Amino acid sequence: MPESAWGWLIVAYLFLAGAGSGAFLAAVACDLLAPDWSRTLARAGSLAAGPLVTIGTVCLVLDLEAGLWQPWRQIYLVSNLSSMITWGVIILSAFIPVAFLYAAALNEITFVGRFAKKYLLHLEIVGSVLAASTAAYTGVLIAVVNGVPFWNTPLMPVLFMASAISTGLAVAMIGAAILDINTIKTLSNFALGHLIFLSVEAVVLMMFIFMSLTRSVEAAASADMLISGVLSPYFWVIVVVLGIVLPFLLSIVEYYKYGELHKYLVIGADLCVLLGGMSLRAVIIFSATPPQVI
Amino acid sequence: MPRYGIAIDTTKCIGCHSCRVACQNQQGLEYNQSFNWIKEKERGKFPSFAKEFVPLQCNQCENAPCQRVCPTGAIYTSPEGVVLVHKERCVGCKYCIEACPYKVRTVDHHEGIVVKCWFCIDLVRAGGEPACVTTCPTQVRIFGDLDDPGSRISRFIATHRAEPLRPDLGTRPRIFYKRS
């Protein structure tokens, strides 16, 4: 396996930033579309978004070297607007406070929350744009890298966006069950959401793999690593079966046996989506194959 | 101002790694750290086959992907066309390592920054040549001014139609190879 300069900390960051921004989008969607019966889910999503993206950003900072030991160097991170990391720093710096403020407003936490509640719709609009930017940016970050042909495709941000939305919905559903286990029945309403987003993710993933096979020798080498190479057990078992197929099937059952599915199966499906989302990032980062230069 | 480059004749390389050791000495690198690699490539099938040694170091790209992606602006191009690193600005995010198609950048874990070949610019500015060039026992490398059509390097590139590695990547390297 080729050695990558980036490891698990970056994988965790890509996943957490995606899941956090997805949870924010899920919360906004619930609050705007069905504030009456999906209130718990909106609350859970809003409460999870800020902390998840923050933990992800901490992982990103921990991966730095000189920038970690001499933190004042991080001020330079916004120097180069042609670097996606500079854009990422700007987007994250804007999104994290908005996400916390939105959680405070929606849950009416402290006087800040009660004050911010007056501007709830504004927070939702600005926050959604920033959340979508965060999710897409994690894909663009690695898509603009021409040192790894496998990543260098416009499908990358689309794939990460799709995964961010499905993992975000899973986070919000788990959070809703933690906040109030009685909502487990109403969670069946969101099974359809899972079906749609997991299908989109599966289609984009399939296109990504198929197109990589013909795009270049190096991209094909990476794709082969996932389909039949060293990473194939993780790709097929964790990413495809546990992360997409199993939650998809459980969501179908959940949708038709409205509210009757056992609570552990509902939560289990969501945990599988999260496991799949994390593993998707891991196999993409660890299958990086550099161009054949000699 | 000259625009420095190196021409490499792989047909002369015997894979002795002198350039690597000289570079490590010159830059004070540890034994497992290097700005210089000898890649090996096998050509043909038995019984008519050959092994080619291809010395690899920072290509000092004119359109450097590392410079484009560096968030802190730590990577810059000197007036002589050498891609350099501001050691005080680098945070060690390693984005440049991912962006470099030639994979010639390494992390200096002592200083926590990413480092690479810089054409021994201190020696060059003092009138010398990079350590890898002067050390090579078979004189694989030619160092010189790419903008001077009369320089040894320019004449070598023109005579042998030497080409950079993977010109299709659009990075416009300043290292040229004669491969056969």
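The count begins at 1 with the first shown residue.
Using N, Cα and C of the backbone, Cβ positions are placed for all residues, glycine too.
TrEMBL does not curate its annotations; it predicts them automatically.
Annotation comment: TrEMBL describes A:6-34, A:46-64, A:84-107, A:119-145, A:157-179, A:191-213, A:233-253, A:265-288 as transmembrane segment.
Residues 13-14, 17-18, 20-22, 24-25, 28, 31-32, 49, 53, 84-85, 87-88, 91-92, 94-95, 98-99, 101-102, 105-106, 151-154, 156-161, 164-165, 284-285 of the same chain, all 6+ positions outside the transmembrane segment (A:119-145), place their C-beta atoms under 8 angstroms from a C-beta of that stretch. By number of Cβ pairs under 8 Å, the transmembrane segment (A:265-288) is matched best by A:233-253 from the list A:46-64, A:157-179, A:191-213, A:233-253. When Cβ-Cβ distances below 8 Å are used as the criterion, the transmembrane segment (A:233-253) is approached by residues 170, 191-192, 194-195, 198-199, 201-202, 205, 226-227, 261, 265-266, 268-270, 272-273, 275-277, 279-280, 282-283 of the same chain, each at least six residues removed from its ends. Between the transmembrane segment (A:46-64) and the listed ranges A:6-34, A:157-179, A:191-213, the one holding the most Cβ pairs under 8 Å is A:6-34. Tertiary neighbourhood of the transmembrane segment (A:157-179): same-chain residues 14-15, 17-27, 30, 40-45, 47-49, 52, 132, 135-140, 143, 187, 190, 193-194, 197-198, 200-201, 204-205, 208, 247, 263, 266-267, 269-271, 273-274, 277, 280-281, selected by CB-CB distance under 8 Å and a gap of 6+ residues from either end.
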